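**Q** Please read through the structure below; I'll follow up with questions.
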């Protein structure tokens, strides 16, 4: 490798352009005389194929690149083909100097294009020097195939690379960075083809792991469809660590030129299409003008005869139809044609302007379709339209005068017909035959109003007849219908007059009969309503559910019922009088065969209702008698239960109250030994228990009272609930008092308090228990402590209160007071004493063993200690050591155990 670098350093073949700098970028060109074998193979194949792609245009080709260019003839031919210029006439001799002369002509031509050739001489080419021949061909490729490639002012190589990068940017797995490694997988070549000719290759089916297949596919498509010969072997590209850059650039430049030519062709086609589009648009505008002009002229031709028609119509409706058609023409048909005419002129001027701008000859419409021709036809249309409108208005005004009179007839006739509609049917009705007096009187008033209305319409009927006569005289076109209508109105008017008189007579006759019936109905209503109310009230009273709680109340109800029964004969006489009135009404209706109902308009009470309710009253009277007697018997039984319960309750209630007072007094006043007090309280308790049978008997009587639904008892102030509460309170009080004495005995024995001390404590507590309820408030307790010699500050008193009143109730019980005083005056055991005792059992060790506990303590206490003592973990600990210190502290609440 070092020797190769040295050769490259000592032997350099340089070539550059005087004015272009792209040649200075080809520093990768090997300066040594020997090429890398792989690169040489690739360059031979690529350069040979490139040369043949141009020589075939001249009908020839080369087989061996260093041999076929030795005489200079094909070299000169190659330059002529790729440049399009003629070179000097070659020498046809076969001598060496002839060949050198021809090669020099080619080299001179290359130099004339601005390429400076250094160390490349004709002799080396004639001698078949591979290195020099390939270098010369590469120089030609650079000058004629790559030099003209420029993208955004880049050099030839950079421009070609940038073109490749832009074209392949959207494709996956393609990243073109150079002209060697970036092309090894073949996807770059396939992407270039697909970008410009997506119809030739399906890029989505390509596999990056098949580089040889990708390269061969791209080369085959390029050779078959793009006229780019196969210049490389896929195996050489894939298997070479770094493919030859010149070979790749040469092959890729062919794609650039192939697709650049296609883009130029596309530009040319677009230019042609643009010109053709302008021409087609002009032709479309011409055709549209011809079509619009023809349609507009045809419409004018059809419309003018319609406007020139002056045939008059006989009716106003027909003339109004013509006027409406004309207005419809002016409103709907003409405005679009005005727009078409304006648009036609605009299109004509626009078309002429476009033709003038695009250097086309002016447009000449068909004969008769010039803008001036259309304007003339339009003027004739306007003239015909003006005369037609004047004629229409004059004719309409003439018909209006005649139609006004006919319309006046129709309006008056319609008004009269609407008024008269249904009047004959109303007058023929016999609704009064089944109407009430009020309804008949209303019918009479309504009939009087109708007669007034009938008289008022007399003038209208006369006017209708006069107008009909005038229309006949003026020879109105529809006079026959007018006469027929007028005759019907006059005939109907005569009929209405006759029917009106007959209805008045029938209404007045019916009114007199109904007035008689109405007086009877009114009298019935005045007497039936109070009597009906009396029966309803009686039924309510007889069926009323009475609730009484005493004998006096039921006796009062019985007396009221007897008074009610005494009024029944008088009520029956009133009932018969009311029924006779209704019988008189029915007699009148039957006598005159009237179709009215016998129902009374002044009363909702019917005869049948009176009969039914009277029978109901007669049934309820004996039922009420029976109910009242049964209730009287029940009240006598309830009174016996009240007296029986009251007799017992009035004894038990005071007895309980007396016992409560005795217990309360004894708890305060008892003196002497606590055991004597206990015996005395036990005797009290036994006496109370022995009294229980009296409570049970009272409960039985109370049960009977509840079953009888007796809720009050005027014979006693004690209820069963009072007795129960008092009895339970008595039992609770005696039990609590006994418990207090028992607690005092335990406290005395446990704390070593003497009976004298206990008596002093009781005396002090009773003295400061000002309300005598067994409780001292804060102030009383503080005064008690001060009286016993305690000098208390606020903090100390608060501490003591937290001991005697831990729940914050605000009071101190006697037991709490005893507990506090015993703590203050008696010896107490402490955690330190217990710890010292355990230390003795443990032989002064800080821990104790289970065996030692079982040996020194009873089995039950020993097991209790073993189960609850924690393991000892302090200094000198042994297996099974138990911590008696923590255990003892926990017994007195001084530990967290």
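Heads up, the Cβ atoms here are built off N, Cα and C, so glycines get one too.
Bear in mind that the values here come from a model prediction, so they are computed numbers and not experimental data.
Dumping what Swiss-Prot says about this protein:
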type    : residues      : note
BINDING : 769, 773, 780 : Ca(2+) 1 binding site
BINDING : 805, 807, 811 : Ca(2+) 2 binding site
DOMAIN  : 41-145        : domain 'Calponin-homology (CH) 1'
DOMAIN  : 154-260       : domain 'Calponin-homology (CH) 2'
DOMAIN  : 756-791       : domain 'EF-hand 1'
DOMAIN  : 792-827       : domain 'EF-hand 2'
REGION  : 1-257         : region 'Actin-binding'
REPEAT  : 284-394       : repeat 'Spectrin 1'
REPEAT  : 519-630       : repeat 'Spectrin 3'
REPEAT  : 640-743       : repeat 'Spectrin 4'
**Q** Quick one: average pLDDT across the domain 'EF-hand 1' (756-791), no decimals.
**A** 76
**Q** Summarise the domain 'EF-hand 2' (792-827) by DSSP state, stating how many residues are helix, strand and coil.
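**A** Counting residues by DSSP class gives 23 helix, 3 strand, 10 coil.
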**Q** Between the binding-site residues 773, 807, 811, where is the Cβ count within 10 Å the lowest?
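**A** Output over binding-site residues 773, 807, 811: least Cβ neighbours within 10 Å is 807.
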**Q** Where does residue 780 (Ca(2+) 1 binding site) sit in the DSSP three-state scheme?
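**A** Assignment for residue 780 (Ca(2+) 1 binding site) reads helix.
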**Q** Please count the residues of the domain 'EF-hand 1' (756-791) that DSSP assigns to helix (H, G, I), strand (E, B) and coil.
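**A** Summed over the domain 'EF-hand 1' (756-791), the classes give 23 helix, 3 strand, 10 coil.
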**Q** Going by DSSP, how much of the repeat 'Spectrin 4' (640-743) is helix, how much is strand and how much is coil, in residues?
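**A** Across the repeat 'Spectrin 4' (640-743), DSSP assigns the residues as follows: 87 helix, 0 strand, 17 coil.
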**Q** List every residue in the same chain as residue 780 (Ca(2+) 1 binding site), at least 6 positions away in sequence, whose Cβ is under 8 Å from its Cβ.
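**A** Expected: 768, 769, 770, 812.
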**Q** Could you state the CA-to-CA distance between residue 811 (Ca(2+) 2 binding site) and residue 773 (Ca(2+) 1 binding site) to the nearest Å?
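**A** Given the Cα positions, residue 811 (Ca(2+) 2 binding site) is 11 Å from residue 773 (Ca(2+) 1 binding site).
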**Q** Name the residues of the same chain, 6+ apart in sequence, whose Cβ is under 8 Å from the Cβ of residue 805 (Ca(2+) 2 binding site)?
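**A** The list for residue 805 (Ca(2+) 2 binding site) reads 811, 812, 816, given in order along the sequence.
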**Q** Let's check the environment of residue 769 (Ca(2+) 1 binding site): how many other CB atoms sit within 10 Å of its CB?
**A** 19
**Q** Please report the distance from the Cα of residue 773 (Ca(2+) 1 binding site) to the Cα of residue 807 (Ca(2+) 2 binding site), rounded to the nearest angstrom.
**A** 19
**Q** Taking the center of the Cβ atoms of 769, 773, 780 at the recorded Ca(2+) 1 site, which other residues in this chain have a Cβ no more than 8 Å from that point?
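**A** Nearby residues not in the site list: 765, 768, 770, 771, 772, 774, 775, 776, 777, 811.
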**Q** Given the Ca(2+) 2 site residues 805, 807, 811, which other residues of that chain have a Cβ within 8 Å of the mean position of their Cβ atoms, reported in sequence order?
**A** 804, 806, 808, 809, 810, 812, 813, 816
